[in-house]
Amino acid sequence: MSDTSPGPEHAPAIDRLLQIATGFMASKVLLVAASLGLFTELAAGPLRGEELRARLRLHPRSARDFFDTLVALGVLERTNGAYANTPATAQYLVRGKSAYLGGLLEMSDARMYELWGRLDEGLRTGNPQNEIRTGEEGIYATLYDDPDRLDAFQQAMTGLSMRSAHALAEAIDWSAYRTVADIGCAEGTVLIHLLERHPHLRGTGFDLAAVRPSFQRRHEESGLGDRLAFRAGDFFAEPLPQADALVFGHILSNWALPKAKTLLRKAHEALPEGGIVVIYETLIDDERRENVPGLLMSLTMLLETPGGFEYTGADCREWLADAGFRESRVQYLAGPESMVIATK
């Protein structure tokens with residue numbers, strides 16, 4: 001009888017397949033840790049396993065395995081039985097810190113993990129798998145009608161935009177512009193970073209009225225005074241704010257192509273000659289082979305929206321030309337994100 005088992009030369013390929021197949025396990029461990037507030041419990045210093053277990057109100061059976069999995073994943077440290085945050089989790093996953101990314105993880109745990117469990121149904125039907133599936137109005141109507149859920153969503157968007165907000169302040173020569181408006185501004189993170197880095201700029205955040213309280217809270221914390229303002233409105237129903245630069249961050253991908261093109265035409269109308277529109281997303285690479293986060297985000301849009309999708313830089317440049325912009329370019333921004341800049 002011949003031996004048909006794979007030889008050692010196949011081990012890397014097998015390991016890679018298994019790593020992908022079981023990736024949801026590691027993901028869930030990190031998401032649950034963030035939702036439990038584990039990293040926040042360790043903000044004041046290391047805790048022994050039993051003390052940490054008691055604070056999180058976990059059953060004794062597998063708490064140690066849970067903590068040690070986080071150590072093995074590189075998001076906790078353990079010394080002589082005491083657990084501590086790593087520099088990264090201390091900076092980004094402790095609630096209340098300005099750089100907190102945990103809102104995104106908490107939303108992923110509470111919402112996205114379940115939605116992704118219905119990916120097969122979404123692929124078969126082409127329909128969202130969120131509230132729309134059960135006859136409700138969808139993610140935005142549901143979120144904006146519930147202050148607690150909206151607040152969690154805003155924090156998640158802040159976490160998603162944090163690196164790009166910092167990079168955006170350095171990636172463009174802002175000296176040629178005096179005013180900037182962020183369309184769909186959420187808590188205002190992008191504008192705050194821009195105005196802090198460039199004192200000559202004045203900014204307007206444009207979003208639905210329900211966003212105003214969280215925007216104002218961040219505004220007050222920033223100390224930017226009258227350099228920063230909020231304008232309530234629906235970007236499909238009303239003209240966009242007039243400014244030298246308009247920013248769309250993670251906005252166009254939420255909508256079917258006709259609506260995305262409508263926003264670009266409205267941006268062209270709102271800008272002066274020489275003004276710019278800046279669009280940043282997890283852009284898919286033009287060959288659609290490399291940017292895994294962009295492709296996964298596009299599948300997320302399937303699960304969450306009736307027509308949204310991620311797109312390539314080449315796609316976006318074509319739409320911008322159709323809207324009347326005279327030149328555009330694609331530029332890497334941060335992490336998996338890039339931006340498209342176009343001039344009127």
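Here the Cβ of each residue, glycine as well, is placed from N, Cα and C on the backbone.
Heads up, TrEMBL stuff is auto-annotated, nobody curated it.
Among the candidates Asp120, Asp207, Asp315, the residue that TrEMBL annotates alongside Ser161, Asp234, Phe235, Tyr280 as binding S-adenosyl-L-methionine 1 is Asp207. If you take the Cα of Phe235 (S-adenosyl-L-methionine 1 binding site) and the Cα of His250 (S-adenosyl-L-homocysteine binding site), they are about 14 angstrom apart, rounded to a whole number.
Following the DSSP three-state reduction, the secondary structure of Phe235 (S-adenosyl-L-methionine 1 binding site) is coil.
Here the binding-site residues are Asp207, Asp234; the one with the fewest Cβ atoms within 10 Å of its Cβ is Asp234.
Local packing around the binding-site residues Phe235, Tyr280 was summarised as the count of other Cβ atoms within 10 Å of each Cβ; on this measure the leading residue is Tyr280. Under the DSSP three-state reduction, His250 (S-adenosyl-L-homocysteine binding site) is assigned to coil, being neither helix nor strand. Considering only the residues assigned to S-adenosyl-L-methionine 2 binding, Asp207, Asp234, Phe235, His250, the longest pairwise Cα distance works out to 16 Å.
Of the candidate binding-site residues, Ser161, Asp207, Asp234, Tyr280, the one lying closest to His250 (S-adenosyl-L-homocysteine binding site) when CA atoms are compared is Tyr280.
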